[in-house]
């Protein structure tokens, strides 16, 4: 079965290169392929997304598989920064709320090693640590310990991930809040709200 693998900008694939020339000889409806790719990748607007199109040459039907951008790219887009800290051990490049962490989880869950929300969130927070990005205004490793202690159990669930997935990303340049969005736990105050890392 022929396959075409390309990198496209999320939600902005077109019938031009690289898709058109690659798919044309296979006889599939390029317009339909482009429409499906754009629908599947619209959540990754502004980022390059790996896409694979498998074509059945005999029936001219196709299936589309969409990868996802690196976790670091999703984090940067979510909090509106261009790059992480040059020295993440000392410098802070930005801050991400737990709700935003869950939004990144919603976009990466199929590609992360962890399929449980709690473990997936810890993976994303680990990437934040390597980029010099605080979580809820605290060092990622401190938040990691709080997760292990159960402080975020009320928000680390599939319902919260689905809710976070619908929240728009922050525009570039907007300073991220240091506290989670109001009501994100579904039961009032965030489990970590009011705690201070002392940093």
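The backbone N, Cα and C atoms fix where each Cβ goes, and this holds for glycine too.
Taken from TrEMBL, the feature compositional bias 'Basic and acidic residues' applies to 172-181. Per TrEMBL, domain 'Large ribosomal subunit protein uL11 N-terminal' is recorded for 4-62. The annotation domain 'Large ribosomal subunit protein uL11 C-terminal' is assigned in TrEMBL to 68-135. TrEMBL lists 150-199 with the feature region 'Disordered'.
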>> Going by DSSP assignments with H, G and I as helix and E and B as strand, what are the residue counts for the domain 'Large ribosomal subunit protein uL11 C-terminal' (68-135)?
In response: 35 helix, 6 strand, 27 coil
>> DSSP on the domain 'Large ribosomal subunit protein uL11 N-terminal' (4-62): how many residues come out helix, how many strand, how many coil?
In response: 23 helix, 19 strand, 17 coil
